[in-house]
Amino acid sequence: MASAPTSKYNSHSLENESIKRTSRDGVNRDVGETLPRLPGEIRITDKEVIYICPFNGPIKGRVYITNYRLYLRSLETDSALILDVPLGVISRIEKMGGATSRGENSYGLDITCKDLRNLRFALKQEGHSRRDMFEILTRYAFPLAHSLPIFAFLNEEKFNVDGWTVYNPVEEYRRQGLPNHHWRITFINKCYKLCDTYPALLVVPYRASDEDLRRVATFRSRNRIPVLSWIHPENKTVIVRCSQPLVGMSGKRNKEDERYLDVIRETNRQVNKLTIYDARPNVNAVANKATGGGYESDDVYHNAELFFLDIHNIHVMRESLKKVKDIVYPNVEESHWLSSLESTHWLEHIKLVLTGAIQVADRVSSGKSSVVVHCSDGWDRTAQLTSLAMLMLDSFYRSIEGFEILVQKEWISFGHKFASRIGHGDKNHADADRSPIFLQFIDCVWQMSKQFPTAFEFNERFLITILDHLYSCRFGTFLYNCESAREKQKVTERTVSLWSLINSNKDKFKNPFYTKEINRVLYPVASMRHLELWVNYYIRWNPRIKQQQPNPVEQRYMELLALRDEYIKRLDELQLANSAKLSDPSASPSSPSQMMPHVQTHF
């Protein structure tokens, strides 16, 4: 990692950077063109502060606080700096120093962010400036604690594409060839009474009645019964997801659950066994028996094979990411980098998640066996495994729209607890439910995109933009824990979808090397020597670390694509003009060669 001198430090997301460049298109500015504002964004206050920059030292600036962001612009001519931080990114706000503090810049605020950076501001001790800033930031960064709406409900942005229409479950299952004579669509969960964390529409075995489903639900954690996620277009094997069975210490059984899994097995008669992947380490699954959970024993589920994938729980992942932050922010120790990275175990966890997904995909595609995937409750590791396996198996999900559908389906509609894992608008930064499960998934996708650079329609900016708005609270896409809660809060009616932003600006998020391929299965190499830390995400706030610059070939290719599009547009305009003249009898006849100048597209 090479160091680079820097005279200008812009600490904001890629997406926010694009806002500044296109501020004439819907982003208001006030206070002498210093503050960008979204429609619905209101300026609350501004103060002069000293920003304790961990890279360039103390910098005098003015900080503006709105109901959406903290925005700082330096007042020093020799140090141009901008900080643009959505308040949803803030995890914790602490006061530093006391009334008797005498050290230089020792009195102010410490701000911890969810996107791996910290901010420190020094303020004057007189005039209650710290108290005022602390109270305002706390009020708008943690609106739920103050009976205020999350900004997404105040955002008045308009886009020419409605992102809420991207995912229609009926259309997505129809794309997969469902329903068929083995699988049916049921609306038994229409009012979320069968399972309050599942979507309203489910795909289940044709031979299983709704009453069977109710009986199975009593034996699955949180009533999360086995339901279909994906079906192979050729061999008709399926990926089914669910939660753990409620076996308990006494080894309870449920005949309906056993028969139900057998029915799933019989929808595909190419193999005699149903494969069950339990995402947990074996010891954890056994320990869960003490709290009423457990796993499918071979002694009971005779026609099933059980494999444990050794992926650790949310608490282990949270601690691992904390260690990553410790080694990447604010400074990177070059001399001990490899050992420091290894000590975080982050890439080990990425490896285990990818390895598990590869096993699922391979068993379905090559092994021709249907698989059931679960962890404890089926909304964390299960979502990682099913969505990554589907990404490997189905090229549709590797397009921009397909990936959006994958996230909407496997993560959002099936109840990954975004509110609990991220803590949108919640001041309880130490909540044990916080965990970077979705970040891990996106990291795995990035690892795949590095190994298969032509297989994905989207680029790195697309993935980083998704992660930025996982925290920002600008859009309603990731709010709440489940579909029933979103319906209750009318999220699709009252907020804007992140996919509206992305699909209105698709060219920014396209991979120029994308080659569309049908039915190509991707098997990434999940060994430690093929995995790497995502520098452009985890270390992007450090201006001394040289970021991975766009490939010159990629830049030239993008220029040629833009040139081609311009030529095609001109050609269409000329053809339209020619048609109009041909249809006008009063117009003088012109030969095609006169009307159509020679256009060469370089392709």
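Every residue gets a Cβ built from N, Cα and C, even glycine.
Of the listed segments 244-267, 484-507, 580-603, Swiss-Prot assigns region 'Disordered' to 580-603. Take the CB of Thr495 (phosphothreonine) and look out to 10 A: across all protein chains shown you find 25 other CB atoms.
Between the CA atoms of Thr495 (phosphothreonine) and Cys375 (active site, phosphocysteine intermediate) there is a gap of 32 Å, rounded to the nearest whole number. In the three-state DSSP scheme, Cys375 (active site, phosphocysteine intermediate) is classed as coil. Every protein chain considered, the tally of other Cβ atoms within 10 Å of the Cβ of Cys375 (active site, phosphocysteine intermediate) stands at 28. According to DSSP, Thr495 (phosphothreonine) is assigned to coil rather than to any helix or strand.
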